[in-house]
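Now, the feature entries from TrEMBL:
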TRANSMEM  12-37  transmembrane segment
TRANSMEM  43-63  transmembrane segment
TRANSMEM  75-95  transmembrane segment
TRANSMEM  101-122  transmembrane segment
TRANSMEM  153-174  transmembrane segment
TRANSMEM  226-246  transmembrane segment
TRANSMEM  258-283  transmembrane segment
TRANSMEM  295-325  transmembrane segment
TRANSMEM  355-372  transmembrane segment
TRANSMEM  378-398  transmembrane segment
Amino acid sequence: MKKLKLASSSVYLYLLGTFVSNLGDGIFTLIISKILYDKTGSVSAFGLVLIIQNVASFLLNLLAGYIADIKKPQFISEIADSLRGIMIILGIIFLRLSNNIIVVLMILMLILNLIVPFFRAANFKIIASIQRGGLGLLPLNGLRSSVNQSGQLLGVAIATPLIAFNLTIPALLIDALTFFTSFICTIFLKFNKEHPVQIKVSNNKLKKMYFEWFKLLRALFISKKLLLLVFFSSIDSVIVAFINLMEIKYATVVLKNSVYLTVLDGFFALGAMLNFTIIYLLFERFNFSEVSWSGLFFQALAFIGLTLTSSIYIATIFIFSIGIFNGASQSLFQTQLHTSFDETMKGKISSLRDAMVAFLNLIMIPVFSRLLNFNLYIAFWIFALCILVSSISVLLIFRLKML
């Protein structure tokens with residue numbers, strides 16, 4: 001925390017905007033998952049929601065990354081935040097006029113997820129470009145992950161009583177206000193002198209977009225380690241999607257109480273919020289190649305641990321462990337991505353990573369939705385094995401340099 005005192009005002013504004021934005025996301029995600037599970041009694045229903053999110057992300061990332069590299073990412077972020085706030089206000093109006101809450105929420109979720117790829121690509125460039133003062137990029141990424149999860153945690157805490165008393169509209173109103181607050185914070189950000197780096201755009205914009213993507217993909221295939229870096233940086237996000245998918249089923253079937261959903265979600269968020277402790281105590285003291293495998297490895301062990309207990313107390317320890325190592329691992333890989341590519345490629349790299357996350361989720365979600373409904377324990381062991389294989393692969397490629 002001493003390093004945070006050296007941070008610039010832009011860092012504080014950025015972290016505040018990130019916090020309130022994720023607070024709103026936490027509210028919205030819990031609303032969707034709880035309402036769908038209550039109405040259908042199936043994990044597959046929420047799995048369908050996640051599939052829709054990932055299809056939208058996958059289809060739009062090609063355009064989003066290119067736009068983030070040719071336009072000011074600050075401007076793109078402002079537009080995305082304001083549009084999301086406006087869309088939620090419109091959703092509230094339609095909820096007042098309609099009796100079908102599921103249809104309205106699904107349409108609203110789809111529209112919001114059409115905007116998200118543009119916001120993420122811009123945000124990826126912003127964090128590497130803002131004036132940080134004396135704060136390093138890895139600690140900033142760690143703090144960003146922490147406020148992401150603390151926002152989600154508070155969002156869950158706020159949403160739980162609102163949902164219990166069927167106050168969906170007030171919950172959505174809070175969600176809209178968080179996006180407008182994030183918009184205001186972004187307006188006052190200050191950037192380093194080299195920001196923004198803009199690419200000259202020819203008259204044939206479509207041709208230019210494909211040409212820029214071709215240059216990036218060629219560079220990735222020439223340096224296979226960079227390609228694998230993008231791939232492995234997506235695994236932690238897939239783990240988060242699996243957490244969202246399995247929590248309600250695990251709470252209901254294993255812990256015998258669906259209310260424990262909020263406990264699990266809260267402790268995962270708390271762990272991710274405290275990821276900076278792992279960064280400070282471990283990751284900052286070693287090179288990327290020496291510790292990059294460890295986050296995935298300990299998450300896999302914790303998933304196995306969840307299958308060995310039906311105690312809420314022990315389960316919270318394991319879910320907390322997943323959260324803290326997930327947040328730290330994401331911060332580590334994101335920092336490596338920031339430092340491995342130049343300014344003109346950062347937007348496309350962010351979009352490529354998000355597209356890879358979407359692609360992997362489109363495979364993982366339908367497969368593990370069925371497995372979770374068939375046998376939760378088998379699903380957990382198979383997923384943990386996949387993460388262990390990923391961890392060993394990272395160790396072989398980046399630590400032992402077998403590629």
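Just so you know, glycine gets a Cβ as well, placed from its N, Cα and C.
Heads up, TrEMBL stuff is auto-annotated, nobody curated it.
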In contact by Cβ distance (the transmembrane segment (12-37), the transmembrane segment (153-174); 3 or more pairs under 8 Å): yes
Tertiary contacts of the transmembrane segment (226-246), defined by C-beta under 8 angstroms and 6+ residue spacing from its ends, are 29, 33, 43, 46-47, 50, 54, 219-220, 268, 292, 295-296, 299, 319, 322, 326, 329-330, 333-334, 336-337, 340-341, 349, 352-353, 356-357, 360-361, 364-365, 368-369, 372, 376, 379-380, 383, 387, 390, 393-394, 397, 403
Long-range environment of the transmembrane segment (258-283) - Cβ separation under 8 angstroms, sequence gap at least 6: 26, 30, 34, 138-139, 142-143, 145-150, 152-153, 156-157, 160, 243, 247-248, 250-252, 291, 294-295, 312, 315-316, 319-328, 330-332
Select the range from 75-95, 101-122, 295-325, 378-398 that forms the most Cβ-Cβ pairs under 8 Å with the transmembrane segment (12-37). 101-122
Beyond a gap of at least 6 residues from its ends, the CB atoms lying under 8 Å from the transmembrane segment (101-122) belong to 28, 31-32, 35-36, 39, 49, 52-53, 56-57, 60-61, 63-65, 67-68, 73-74, 76-77, 79-81, 83-84, 87-88, 91, 94-95, 168, 347-348, 350-351, 354
Same-chain residues at least 6 beyond the ends of the transmembrane segment (378-398) with CB under 8 Å of its CB atoms are 225, 228, 232, 235, 239, 242, 246, 288-289, 292-294, 296-297, 299-301, 303-304, 306-307, 368, 371-372
